[in-house]
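For reference, Swiss-Prot has these:
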type	residues	note
BINDING	Glu171, Arg217, His448, Arg489	L-aspartate binding site
REGION	195-198	region 'Aspartate'
BINDING	Arg217, Asp218, Glu219, Gln226, Glu482, Gly534, Leu535, Asp536, Arg537	ATP binding site
Amino acid sequence: MRTEYCGQLRLSHVGQQVTLCGWVNRRRDLGSLIFIDMRDREGIVQVFFDPDRADALKLASELRNEFCIQVTGTVRARDEKNINRDMATGEIEVLASSLTIINRADVLPLDSNHVNTEEARLKYRYLDLRRPEMAQRLKTRAKITSLVRRFMDDHGFLDIETPMLTKATPEGARDYLVPSRVHKGKFYALPQSPQLFKQLLMMSGFDRYYQIVKCFRDEDLRADRQPEFTQIDVETSFMTAPQVREVMEALVRHLWLEVKGVDLGDFPVMTFAEAERRYGSDKPDLRNPMELTDVADLLKSVEFAVFAGPANDPKGRVAALRVPGGASLTRKQIDEYGNFVKIYGAKGLAYIKVNERAKGLEGINSPVAKFLNAEIIEAILDRTAAQDGDMIFFGADNKKIVADAMGALRLKVGKDLGLTDESKWAPLWVIDFPMFEDDGEGGLTAMHHPFTSPKDMTAAELKAAPENAVANAYDMVINGYEVGGGSVRIHNGDMQQTVFGILGINEEEQREKFGFLLDALKYGTPPHAGLAFGLDRLTMLLTGTDNIRDVIAFPKTTAAACLMTEAPSFANPTVLAELSIQVVKKAENN
């Protein structure tokens, strides 16, 4: 039906007769001439109809936006004054000799000339995806997956599929369950990840595995999460953590070079402890130059409980954040930041405005200065390298609240004041995470998952002091986004059962949920390690959007619903009966 794509026509096509298929993007009727911007997957080209082709001109008068059409015509060079440098096809146009209206379009529910609500865009997604910027994002996604496959193939990885219908295992989020008709009362679970299957593939001797795979997690959503998402899943045998990182870093550098033309260079490596201390986050955005500075040792003896309490508490922390040029912030802005940190559990936000250091106490403005002597204030200014015109914010509480609140404040202030260099790419590896964290109920939970190996600990040492265990785990972070994470896995049955025990999983439950894994660990399991990238998040970064729904063809809302298909929906009672399922409706409160 066509000879060329609209968006691929160039000066080299001048004089050629072409047949194009696509949609009317815009129409301009000048009476004796009609111009349309004709669009397809590859882009837009200008087509015009003149009086010498009367039949085509007459039919063109009926065209409206989003009509699906076929045009045959001759490619012509535009006059110099009419060249459109903003279009890839801007040096040429097509003089139409014939026009076929393949399908007409009703009045559109989306307006291409205005910003449409996200609800409307998702409801009429098939129209939203016609927009060039949306089409380009999905084309970039396709390019990324193609590049990944070629890279992994070139590095000896085998693309192996794993089951979608599997057994529920605790991986941190709720499972999506699928009832079995054959096995009454039993359910499959859709996989949160192929974690155990890819480990079993290493035990089977496949050495290097990868898969671009759908995963499912029934969890609360936010802008960068979906109930179903896509992973670039990787596992290797007989490779150390640094070796895995080296290959995966090479993959990501390859993607950025091919898609963006950017060489990311070598990724710095930072421990979890250092990231939390300096940036208040385990996924620091290194484009932001501000860092947290510990000042607790300077404040232990002050007569100000807000500072002295955390300063003398082993579980407490007092951290300062120097904001270059921040002394210009108004009282209203400071109050807004004070309310902002309360979201993260902070009780307030103390500060020192540094107007003129040479004047001592007279050169600063601070509601807490009366509690601090000149010597302590000077020591704080020295340690934070404060200069005239700077602002110093303080966080004082338990370590987690200080990290969360001050880390979030650092990001917000950096963006608000233009301190974060949005033009840069700042990748890094974060390693040496705590193996466990407090579950809030007196127990421990795995910080990553229960199959991660501890670093330099025996099973006995781990059992004796689990709170001191460091996980042999690593996350890749780019511009403050965790784009991938992985670890060295446990390949010893005793160690695996020890970890299960620490997590409160008794032997009976271990056999019930993980018996197949524990059995497999008895038969010469190789050391193995792996990683998974979030394809959606990688694509989001590479296409420059801050909404993950922009890089998924048919995404869900934050309520895990598809507005287009109206999924989820009620099931037919007959089908439910076949599955031995009865829906119990909660009584409404009167």
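Cβ from N, Cα, C; glycine included.
Sequence features, as recorded in Swiss-Prot, placed on the structure.
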residue : record                   : DSSP (3 states)
Arg217  : L-aspartate binding site : coil
His448  : L-aspartate binding site : coil
Glu482  : ATP binding site         : strand
Arg489  : L-aspartate binding site : strand
Leu535  : ATP binding site         : helix
Neighbour count (Cβ, 10 Å) for Arg537 (ATP binding site): 20
Cα-Cα distance maximum in Å, computed over every pair in Arg217, Asp218, Glu219, Gln226, Glu482, Gly534, Leu535, Asp536, Arg537 that the record assigns to ATP: 20
The region 'Aspartate' (195-198): DSSP-derived helix, strand, coil residue counts: 4 helix, 0 strand, 0 coil
All-chain count of other Cβ atoms within 10 Å of His448 (L-aspartate binding site): 20
